[in-house]
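This report refers to the structure that appears directly beneath it.
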Amino acid sequence: MLITGLVIVTLFLLLALFAAVIAPYGFSQLRSGETAFGAQQPPSPQHPFGTTVGGYDVLSRVLWGAQTALLVIVAAVILSFFLGVFLGLVSGYLGGWLDRTLVMINDAMYAFPSLLLAIVVSIMISGGQSNLGAGIIAAAISITVVYIPQYFRVVRAETVRLTSSAFVEAAKVIGATTPRIMFRHVLRNATRTLPLIFTLNSSEAILTLAGLGFLGFGIEPTSAAEWGYDLNKALSDVSSGIWWTSVFPGLAIVLVVLGITLVGESVNDLADPRLRDRRAVAAGAGEIVATSVVPGGVLAAAGRETPRQHPDAGVERTR
């Protein structure tokens, strides 16, 4: 599972980083030389994935869309990660009225649906349609606001538990300052369970961006390629038998989300000692079952001779 996820994520990163080199055309290019591409053209050697209703090359739009998705992930998830971890650490360690206030604010933020908040932020920033920079900022801000409470809750809970630990008390006795205890001792122990949340937020960021584009609140098609927008424009093609305009952008979304989720689940399994112990117990039980069903028991499974394997040996002893 981990290998499959890493292969998909690595391929996605390579396509996003080198989209300008790999893509045969620009994301808004409509002609090659003096020849127009044509709208809704089926897959061909010139256009392996066909063309869209607007006359864009589908393969190029998919590749450039990977770059847009990567930019949103980097901007949104990293912002929400650092802000959520910082607020959770401060709230859990200091406590008091500050802790109660931050908990109430984060609970209120957590109640908003991510896509609804993304639409509101997009409209506030650029009226619903925006260029590459404003579109990424709108999606990143909305995702950041929505996912901060997840990091906040996890880090705060761990910080509250660690505050009464022996190593924290020892640090206070030797005169360590509060910032040093928080960021040097508590932080490293309070963030061990975050890789799974980080990867899940990455996949959800792609879905949120696609949702914005699908509903018409995303990035303008002439400013950047976006998978959700292309799916929206391909809705009318499905009933006409024009499958290529929707299959390839939709497949790109599914594969990227699947790859990131597989990596997150695998990292969580490797980092969780309870799951490691459970796998070790299961492996040991499997070995016991494998040896117990072999005639002669464990010695026979190891390739050693036993009286049961050689009945003639018993005959010789009775003669």
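Cβ from N, Cα, C; glycine included.
As the structure is a computational prediction, the values presented were derived from the model and not from experiment.
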Of 6-26, 132-152, the range TrEMBL labels transmembrane segment: 132-152
Intrachain residues whose Cβ lies under 8 Å of the transmembrane segment (194-219), provided they are six or more past its termini: 68-69, 72-73, 76-77, 80-81, 85, 114-115, 118-119, 122-123, 128-132, 135-136, 138-139, 142-143, 146-147, 150-151, 154-155, 226-232, 253, 256-257, 260-261, 263-265, 267-268, 271
Contact between the transmembrane segment (242-264) and the transmembrane segment (62-95) (at least 3 Cβ pairs under 8 Å, separation 6+): yes
Same-chain residues near the transmembrane segment (107-126), Cβ under 8 Å, at least 6 residues beyond its ends: 134-135, 137-139, 141-143, 145-150, 204, 208, 211-212, 215, 217-218
For the transmembrane segment (132-152), distant same-chain residues with Cβ under 8 A (at least six beyond the ends): 68, 71-72, 75-77, 79-81, 83-85, 87-88, 91, 102, 106-107, 109-110, 112, 114, 117-122, 125-126, 194, 197, 201, 204-205, 208-209, 212, 218-220, 223-224, 226
Long-range neighbours of the transmembrane segment (62-95), counting only residues six or more past its ends (CB under 8 A): 12-13, 15-17, 19, 22-23, 26-27, 49, 102-103, 106, 132, 136-137, 139-141, 143-160, 163, 178, 181-183, 186-187, 190-191, 194, 198, 201-202, 205-206, 209, 219, 224-227, 230, 248-249, 252, 256
